[in-house]
């Protein structure tokens, strides 16, 4: 429990850091820390595979690309475009209503503890996850992969070299 | 897990930690000696017998040099960069099985830091984080060359991680597990001819090895620190021990990459005729069963380190043999040669498993 509280505390703190950091690079680094704490939560939930994949895909690959782009654009406080007050107001309302919906949805949830007699410690392991994914949820899995394939084809299309254009 | 086992495991972790540092230290010496050998020079021979104290002299030099902060640098991140590189390099050796089990009465000690069932993914995760050290250091230096080096490091690591993962999938299709200990144990079965994965996965190994070179930023893929174009790349502005940490983490990464390749493709701590030797020890020499297993485990650890040192030598041999790639060549090799090859390897492995040629 204390581990959970610590992780939750760090997660909230670093998530706030993402929003409030003035420097975009600091923001990205806080976001990476947030992903780490999320992986810690997955580990506490006995989902080792998910924790490892979360680190590899989000912290290791996607955030590297984020950092990459931000470093290239060299964003900092001076070049940050000034946001009008209306945009800030609208963002606060949108975020606040999302929070309200989540609180309203989860308000009546009764957290029932784990029954040690029926608890399956192997749940969340790679082979178990594979069985569920490829037997019970084969169709959604394939649909998701088609979606990703479409996105990939699209990005290759966008990045393709035009005739006569020099890339290097 | 009893307290005693935990204590032993802690000792193993400390030993692995110390060994990583020791091997990285002597890699700097080995690199110079091998460079000298390949270029027909003498190499370091002043400090101690055969220059064996050279790493100590280097350390003293590194520690006593001036600590320098470039103007306009982000000071916190400038320090954080090399620390992160070092931490991630040291973390990845935790799951590598350096030996089989040792049995002392009731206590069983596995010569491995921790055994987790997603061991290989853990190594991948840590390796993919290693690039942050380079990126943050390069960006915080407030120098164009450093930034270019950092950006190159990022794109190179991302590109080669894909091919590396795909090459690994072919191994996992045969092993059916992500645990490095299981993968090692599967590569040798008592009483039958059983080959190491290199025999079943030659193409996969070549892809994995190439990617390992790129992931550790070694020549011919050392574009992030390419001194001809970028002065020193991401560590242009670094001096003193902060530079030392970057160089050190590179050698630890080489050690870990060598260990992972030995475990995945070259049988890990297995060595030929280990079961015959064990039988011989028990029946002819009158050694107890546990003791015989312990002897085999010790020899296996020696065998694994032999394989690792062979790989480290290979890394250095390549460095002083091949010239550096151009950046577009590097990207083309990664995306349009290695990734299709790796996918072909997966298909090939799948076919061979389906028709029962390999298992």
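Note that Cβ sites are derived from N, Cα and C of the backbone, with glycine treated the same way.
Listed features, source TrEMBL:
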TRANSMEM  B:6-29  transmembrane segment
TRANSMEM  B:77-99  transmembrane segment
TRANSMEM  B:119-141  transmembrane segment
TRANSMEM  B:162-180  transmembrane segment
TRANSMEM  B:251-273  transmembrane segment
TRANSMEM  B:294-317  transmembrane segment
TRANSMEM  B:337-358  transmembrane segment
Item to check | Selected stretch (most C-beta pairs under 8 A with the transmembrane segment (B:162-180)) from B:6-29, B:77-99, B:119-141, B:251-273, B:294-317 | outcome: B:119-141
Item to check | Contact set, same chain, for the transmembrane segment (B:294-317): CB under 8 Å, 6 or more residues outside the stretch | outcome: 23, 27, 30-31, 34-35, 38, 98-103, 111, 213, 216, 218, 254-255, 257-259, 261-263, 266-271, 274, 277-278, 281, 287
Checklist entry - Near the transmembrane segment (B:251-273), which same-chain residues lie under 8 Å Cβ to Cβ, leaving out any that are not at least 6 residues past its ends? => result 20-21, 23-24, 27-28, 86, 89-90, 92-93, 96-100, 111, 120, 123, 127, 130, 168, 171, 180, 183-184, 187-188, 196-198, 201, 204-205, 208-209, 212, 215-216, 218, 297, 299-301, 303-304, 307-309, 311-312, 315
Item to check | Residues from the same chain, set at least six apart from the ends of the transmembrane segment (B:6-29), whose C-beta lies under 8 A from its own | outcome: 44, 51-52, 54-55, 58-59, 90, 93-94, 96, 98, 107, 109-114, 247-248, 251-252, 254-256, 308, 312
Item to check | Contacting positions for the transmembrane segment (B:337-358) when only residues 6+ beyond its ends and CB under 8 Å are counted | outcome: 160, 162-163, 166-167, 169-170, 173-174, 200-201, 203-204, 207, 210-211
